[in-house]
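Enquirer: Feature table excerpt (Swiss-Prot):
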- Ser116, Leu117, Leu118, Pro119: (6S)-5,6,7,8-tetrahydrofolate binding site (BINDING)
Amino acid sequence: MHVTPLRLIFMGTPDFAVPSLQAIVDASLPVEVVQVVTAPDRPRRKKNAEAEPTPVKSLALQLGLPVLEVEDVKDPGFAEAVRRLQPDVIVVAAFRILPPAVYGAARLGAFNLHASLLPAYRGAAPINHALIEGERESGVTTFFLQRQVDTGNIILKKSTPINSMENATQLAERLSQIGAEAVVETLRLIAEGTVEVSAQDESLVSKAPKLTRENTRIDWNQSAEDLHNFIRGLAMRPTAWTTLGGKNFKIFQSAPAPAVPATSCGKPGTMLIEGGCLYASGTDGWIEILSLQLEGKRPMDAGEFLRGFRAESGVLFGS
């Protein structure tokens, strides 16, 4: 029996969304991708560099899919363009906050792929905040869009354990693959008409606000474990930062340092150089700093930093 494919619009921009689009195309689903919506080309590595397509646009062009670049999702013209396509379903993965005039155009609904186990970590930076908080489990959620951000009825969840040394970049890569599986499963349920949703429990809500210059600065007045979680939660971008000698100092990678000799931690943020390794103190112990970047310099490992720059034990980070 011939089944008319569902007309699908995919909306996404960064690397995180790429596996989902690829999975939709590769899966044996009764869907037709009638439009891919993404952000406009922009310089993405350095200021004043040549504009580059988004990762999603690059893949869409490779796959021969039509692409629409949108600057302002609230522009009435965008909503009209979506309506003209007569979508059955809209899939959103790491895109923008859509107005009802856009997501309401989908006959069977619009759903979002979110990189947390909702209602935990609602917001713009769920992966980062889960790691910063020391969570041992993360995952993805698909849910139907409604007016309040990240509050819609849940379609399905997929969970995964978090390794204690895993950073935000690594976890994002894993969750993008798990998320692609979730998107395909969700579409299959929608196509079959077998979706069963559940409301989010508001008593379990936690927030994952946007990362800023202010909330990515290292506060050394916390435990060594919390410092390590903060650093890996922001690696490799936007990166945890502090100051040293009045200059910005980024820390990309750290490790717990239980084997550091029983030296008094001193004031939180104290630097210790021992055995060719670089350490910094928290309130109850040490972390080892493994890779870093001084203001105006390229990223380097701690060994290179110690060989090339004057550094002494007892100096305070954050100064």
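Cβ from N, Cα, C; glycine included.
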Enquirer: Let me know how many other Cβ atoms fall within 10 Å of the Cβ of Ser116 ((6S)-5,6,7,8-tetrahydrofolate binding site).
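Expert: Other Cβ atoms found within 10 Å: 24.
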Enquirer: Let me make sure I understand the structure: which of the binding-site residues listed (Leu117, Leu118) has the fewest other Cβ atoms within 10 A of its Cβ?
Expert: Leu117
Enquirer: Inside 8 A of the center formed by the CB atoms of Ser116, Leu117, Leu118, Pro119, which other residues of the chain have their CB, for the recorded (6S)-5,6,7,8-tetrahydrofolate site?
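Expert: Leaving out the recorded residues gives His114, Ala120, Tyr121, Arg122, Pro126, Gly139, Thr141, Asp150, Lys157, Gln200.
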